[in-house]
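Novice: From TrEMBL, here are the annotated features:
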- 7-191: domain 'UmuC' (DOMAIN)
- Asp11, Asp105: Mg(2+) binding site (BINDING)
- Phe16: site 'Substrate discrimination' (SITE)
- Glu106: active site (ACT_SITE)
- 418-458: region 'Disordered' (REGION)
Amino acid sequence: MRKQASVLHLDLDAFFASVEQRDKPSLRGKPVVVGGVGGRGVVATASYEARRYGVRSAMSTREARSRCPHAAFLTGRFHAYREASDVVMRLLREVSPLVEPLSLDEAFVDLERAGLPDLEVATVTAYAADLRERVAVATGGLTASIGLGTSKFIAKVASDLEKPDALVVVPPGTERDLLRPMSVSVIPGVGPVTAERLRRAGIQTVADLEAVDLAELLRLVGQAQGTGLHALARAHDDRPVVAEREAKSVSSEGTYETDLTDRRLMEGLLTRQAGEVAARLRKHGLSGRTVTIKVRLHDFTTLNRSTTLPEPTDSTATVARLARALLTDLDTSGGVRLLGVGVSGLADWIQDDLFGESSDTDGADGAPEEDEVLGVDAVEAGVKARRSVYAPGQDVEHDEMGRGWVWGSGRGVVTVRFETAGTPPGPVRSYALDEPALRPWRPAEPTENDMPAADPPA
Ligand code: DCP
Ligand code: MG
């Protein structure tokens, strides 16, 4: 923990939805839900207007539609999110050489390296206020919430306190008072499982946790987590801001008090870990090709087995299936004391996979639903038709009308609203799906001026 509030955490507000509202002026100030629009789709995020109706990340789109039927339900446009993220990260790197991105829309910035005259609360506050404005200008109006504190933990807690569009500084010395009334789940690493374990022991708030001595905590949550929890409950956090750290792999593992011998149990544990790993990949917009399991036997020999997929994945089912398959090749009859699952060979999201419904949606939810707002489910239709499909939210271009976005499609018709970030709310027109003047729009590929000029032989 530092003496000054020199760790800054920035997190964009309702990131995907805000980008959509920026680029679709008619949706500004309105409920917007971004995610899988198919029968089994899941909400990636919702605008704050939609959150008022109880729509949340990771909720099924079906549930979101019933809570907020008048929202615009849009598929994701990853090129736009990636571009906005790049703009923000570039700006942060101008501010300090020590920037640690955590996902597309959040990063830590170390202000000790930002060349400020001092790190007094007034100075860092003014600096962060200015940074928030610069982010809004550079991104064409996206808002960010910023937290400032004496550690990563506190800065991150602070940025979340008054979201959206907020700046919160936790003055040095007030950290523990801030944390005490909060739920233990505010502590990094305390997921639902640990929170439940603690709750059963009567520990719900950070204050409760603070009252537990180290030995008891180790008994409750194990060696691996106990020490960290004990420190974080006291706001002790010395983790440095690490520049450019690219996560090479994401993993989850557990050590067990008694040696495991039951294969079914081991498979169950691997499946759960696979779920955690896949959820983290999704959260950070990553996917990976190599799935690894780690198995420590009763005699402490540690085995690693891995397999590599042709395509990156972030799917719980895929990671779990491969992890279980890798286990079948190992002799674990003597007992196992550690199991882990990791995914490496990480790539950024492959855009089209993100919100693409799995191809087995056929029939499972009956016929594609009619959507009052945005027309029938074009993504699901797309899985079946493979090509020439218009998904709600998608960018399009028309020979005469110019650029716009798909408002909905169904019954052979696609409805488009012609507007972009720089125009006022625009007109709506409908076309036949095979209208030759209308086509999907993609941003130009990066210029290839630096590429060798040699054309391959025809
Ligand atoms: N995301 C996702 N699936 C999740 C959570 C998030 O696809 N389960 C994506 C969509 C979000 C983006 O990551 O827009 C950033 O995640 P945040 O947790 O920062 O959420 P938001 O930026 O949307 O909202 P907030 O204002 O709470 O930060
Ligand atoms: Mg965010």
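Keep in mind that glycine also has a Cβ here, set from the backbone N, Cα and C atoms.
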Novice: Pick from Asp11, Asp105, Glu106: which of these recorded positions has the biggest number of other Cβ atoms within 10 Å of its Cβ?
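Specialist: Per the Cβ count, the most surrounded site is Asp105.
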Novice: CB neighbours of Phe16 (site 'Substrate discrimination') within 10 A?
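Specialist: Cβ-Cβ neighbours of Phe16 (site 'Substrate discrimination') within 10 Å number 28.
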Novice: Can you go through the recorded positions Asp11, Phe16, Asp105 and pick out those with a C-beta less than 6 angstroms from ligand 2?
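Specialist: Only Asp11, Asp105 qualify.
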Novice: Mean pLDDT for the domain 'UmuC' (7-191), rounded to an integer?
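Specialist: Reported value for the domain 'UmuC' (7-191) is a mean pLDDT of 95.
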Novice: Please report the Cα separation of Asp105 (Mg(2+) binding site) and Phe16 (site 'Substrate discrimination') in Å, rounded to an integer.
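Specialist: Taking the Cα atoms only, Asp105 (Mg(2+) binding site) lies 9 Å from Phe16 (site 'Substrate discrimination').
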Novice: Do me a favour and check the Cα-Cα span between Asp11 (Mg(2+) binding site) and Glu106 (active site); whole Å is fine.
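Specialist: Just about 4 Å between their Cα atoms.
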